[in-house]
Every structure is written in C-alpha cells, then in structure tokens.
Amino acid sequence: MEALLNEWLWREEFWIPPGNHWKDMEMKEGEGHFPLPRHLIYTLPLALIFIAIRYIFERVIAIPLSKVLGVKDRIRIRAASIPKLEAFYKQHSQQPSQSEVVGLGKQCGLSQRKIQTWFRHRRNQDRPSSTKKFCEASWRFVFYLTSFTAGLGSLIDTPWFWDQSECWRGYPKQPVSEAHYWYYMLEMSFYLSLLLSISVDVKRKDFKEQVVHHIATIILIGFSYIANYVRVGTLVMLVHDSADIILEVGKMLHYALWAKTCDVLFVLFALVFLVTRLYVFPSRIIHTTLIVSMQFYEPFFGYYFFNALLFVLQLLHIYWAYLILRMVYRFAFVGKIEGDVRSDEESPVDDNEEEEEDGGECSWEQRKDAINSRLASLANNCVLNNLTNQTNRNSRLPKTR
C-alpha cells in the first residue's frame with residue numbers, strides 16, 4: 001500500500017521542487033526531523049481523541065460555566081406525538097406547503113391551523129439551545145487560545161516570524177522542530193474533528209462556507225506539511241487563530257446576554273479580523289508564497305496548488321469581512337448588533353415562531369377576553385388623562401375666593 005502511494009500520490013515532482021528527492025528529507029539526529037506523508041496518519045486518531053475530550057469538556061466545564069454566567073434556555077412547547085406528521089417531517093419537509101397542510105389535515109383529522117402549529121413547535125423543538133451553542137463556542141475558545149499562545153511562544157524567536165523571506169532559505173531541506181511538528185498535528189486534528197462533528201453541531205447561516213473552510217484548511221495544512229511549507233504554514237495558523245479567540249469569547253458572552261461587553265468585543269474582533277485577514281494575510285503570507293518564494297526555487301505543481309488554496313481562504317475572508325462590515329454598519333447607525341458575530345445565525349426558519357409559541361393554540365374566547373381587557377385598559381387611560389388635563393387647567397385659574 002505504501003509503495004502504491006509513493007508511486008502515484010506521493011510523487012516527488014508533485015510535492016517538492018525539481019532536483020529534490022524524498023531520500024534527501026530523512027531524519028537527522030539532533031536536527032529534529034523532516035516531514036513525511038505518513039506522519040499525517042496520526043491526525044485521524046488524534047481527531048477522535050479531540051472529540052472525546054470535547055464531550056467531557058462540555059459536560060464537566062462548559063455546562064457549569066454557562067450556569068455561572070447566566071445562560072438561560074428558552075422553554076419550548078414540545079410537539080404532540082403524531083406518527084404521520086412525524087414521518088412527513090423527517091422524510092419530506094419541515095415546512096409543508098399549503099396543499100400539503102390540507103392533505104395532512106385530512107389524514108390526521110386535524111384543522112389546518114393545528115397542522116401548522118404542530119410543525120412550528122416541531123421545528124422549534126429541533127432548534128439548538130443556548131447552552132449547546134455556549135458549549136460549542138467555549139470549546140473552540142479554549143483550543144484557539146491554547147493554540148495561539150503555544151504557537152506564538154514557539155515562533156517568537158524564529159527568524160521567519162520577523163522576516164518572511166527566511167521561510168524559503170534552504171527550502172525544502174528544512175528540519176522541523178518538535179514544537180512545530182505538534183503544532184501542525186494538533187491543528188490539523190482539531191479541524192478534522194470539527195469536520196467529523198459538523199453534522200451534529202449547530203447549523204449556521206454560513207454552513208456551506210464553513211464546510212468549504214474546514215476542507216480547505218485540512219488540505220492546506222496537510223499539503224503544506226508534506227511539501228515542507230511548515231514555516232509559512234505556522235504563520236498562516238497563527239494569523240487565523242488570533243481573531244478566532246475574540247470571536248468565540250464574544251459568542252459565549254452573547255449567549256449569556258452580556259450586551260455591552262459583546263459590543264466592545266465585536267468592535268475589537270472586527271478590527272483584528274480586518275487587519276489580519278485583509279491586510280496581514282495577503283500582504284505578508286500570500287506575497288511571500290507567490291512572489292518571494294520564486295527567488296529561491298522554480299515553480300512546480302505544489303507551488304500552484306498551495307497558492308490556490310490560500311486564495312480560496314482569502315475569498316472566504318472577503319465574504320466574512322462583508323458580513324462583519326454589514327454588522328458594523330448596523331451597530332453604528334442602529335445602535336446594537338443583531339444576532340451573533342460573523343456566522344452564528346441559525347439556519348433560516350420562521351422569524352416569528354418563538355413569539356407565536358405561547359399563543360399559537362389560544363381559543364377565540366381567550367382572544368376575545370384579551371381584546372376586551374386591552375380596550376378597558378385603554379378606556380381607563382383615556383379617563384385618567386382627561387381628569388389630569390382638567391385638573392391642570394383648573395390649577396391655572398386665578399383664585400377668586
């Protein structure tokens with residue numbers, strides 16, 4: 001199997017510059033080791049370990065923390081157990097058309113309004129709770145904070161952190177230190193775990209973009225390791241983790257309804273995101289991989305493939321920057337941020353479903369009583385206003401007695 005992979009997939013002309021061979025990139029004692037394709041096999045069991053650690057973290061740390069911060073879940077009405085409607089909900093559609101509502105009403109012997117109410121309650125029942133979203137955000141926050149801190153500590157003393165042209169000096173025969181090896185393995189394993197669990201995580205408005213981002217990131221990390229783009233790859237990961245820390249802690253406090261703190265964090269996140277993703281990433285990283293690298297070796301397949309992946313990430317950055325700037329506009333002119341930063345809106349469903357839950361099945365008598373009470377309240381207010389105005393006018397009259 002390994003021989004077949006070496007012959008077809010790990011061909012030298014695909015992954016390393018012309019004139020170099022895999023045998024030149026062998027482990028040398030005292031210099032760390034050179035990256036090899038078989039090292040990536042370890043990321044799959046590490047991804048499963050990440051999923052297990054996340055499961056424990058959410059139940060032991062995240063849920064108690066959510067209670068301390070005041071995260072509260074909305075109480076939702078559970079849909080009644082109706083097998084025919086449940087089968088239609090799971091197999092056909094969560095939002096039936098008018099003709100389908102009529103047909104289901106005839107099958108179940110229910111009115112159209114009761115059918116619509118059942119589907120509304122059933123959709124709300126599947127919505128993720130605030131606690132679930134808080135746990136997901138807190139897990140990512142802990143990883144990004146740890147990854148960024150450890151990555152910055154391992155890169156601060158390296159020459160390519162300050163001068164990106166050092167990424168290509170001696171390429172591809174650049175040994176990888178133990179710290180950067182684990183930085184790569186853990187980062188790739190984390191994104192692989194996110195991709196494996198994306199079907200059970202909160203489904204957001206930019207779900208498709210998130211899938212593309214995770215796949216592009218995994219391919220980018222894996223390829224850059226095989227082709228020994230480790231130096232520039234560590235810079236890419238560090239730039240991305242810097243803004244994600246603020247994003248996830250902003251989400252956590254958003255679910256806890258810390259509005260003012262969220263506003264401050266949103267402004268800080270927008271500044272960090274726009275600077276790192278729209279300035280640092282293209283001007284420092286893409287520039288060195290696209291332009292500066294050609295001063296040290298001739299372009300090959302890996303050169304074009306690696307830069308193509310970086311451009312995919314940059315397109316996603318531009319898309320998310322558009323969403324952020326739109327929210328900045330609302331924040332500046334409306335005075336508050338609607339929803340969560342960047343991508344935390346849920347998949348589109350009825351906007352007014354939550355408000356309609358409590359009154360969806362009220363009878364006509366209850367509605368009539370509510371209307372009468374409101375009319376009586378308005379009448380009382382009108383009488384009080386008239387009496388107040390009359391008193392004010394009388395107080396202005398000169399006293400004759």
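Using N, Cα and C of the backbone, Cβ positions are placed for all residues, glycine too.
Here the transmembrane segment (39-57) has long-range neighbours at 138-139, 142, 181, 185-186, 188-190, 192-193, 196-197, 222, 225-226, meaning same-chain residues at least 6 beyond its ends whose C-beta is under 8 angstroms from one of its own. Per TrEMBL, the feature transmembrane segment maps to 39-57 (among others).
The annotation domain 'Homeobox' is assigned in TrEMBL to 72-129.
For the DNA-binding region (74-130), the model's average pLDDT works out to 84. Annotated DNA-binding region per TrEMBL: 74-130, in sequence order.
Residues or ranges marked as domain 'TLC' in TrEMBL: 132-333.
Look at TrEMBL and you will find 141-161 (among others) tagged as transmembrane segment.
Here the transmembrane segment (181-199) has long-range neighbours at 32-33, 35, 39-40, 42-44, 46-51, 54, 143, 147, 150-151, 154, 210-211, 214-215, 217-218, 221-222, 225, 230, 233-234, 237, meaning same-chain residues at least 6 beyond its ends whose C-beta is under 8 angstroms from one of its own. Marked as transmembrane segment by TrEMBL: 181-199 (among others).
Taken from TrEMBL, the feature transmembrane segment covers 211-230 (among others). Away from its own ends, the transmembrane segment (211-230) comes close to residues 10, 15-16, 25, 34-37, 39-40, 43, 167, 171-172, 174, 176, 180, 184, 187-188, 191-192, 194-195, 198, 236-237, 289, 302, 305-306, 309-310, 312-313, 316 of its chain (Cβ-Cβ under 8 Å, at least six residues beyond either end).
The transmembrane segment annotation in TrEMBL covers 257-280 (among others).
Non-local neighbours of the transmembrane segment (301-322) in the same chain are 13-17, 206, 209, 212-213, 216-217, 219-220, 223-224, 227, 229, 236, 273-274, 277-278, 281-282, 285-286, 289-290, 293, 342-343; each lies 6+ residues outside the stretch with a CB under 8 Å from one of its CB atoms. Residues or ranges marked as transmembrane segment in TrEMBL: 301-322 (among others).
The region 'Disordered' feature in TrEMBL is assigned to 342-364.
Here TrEMBL flags 346-360 as compositional bias 'Acidic residues'.
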Counting each residue once, how many in the domain 'Homeobox' (72-129) are helix, strand and coil under DSSP?
35 helix, 0 strand, 23 coil
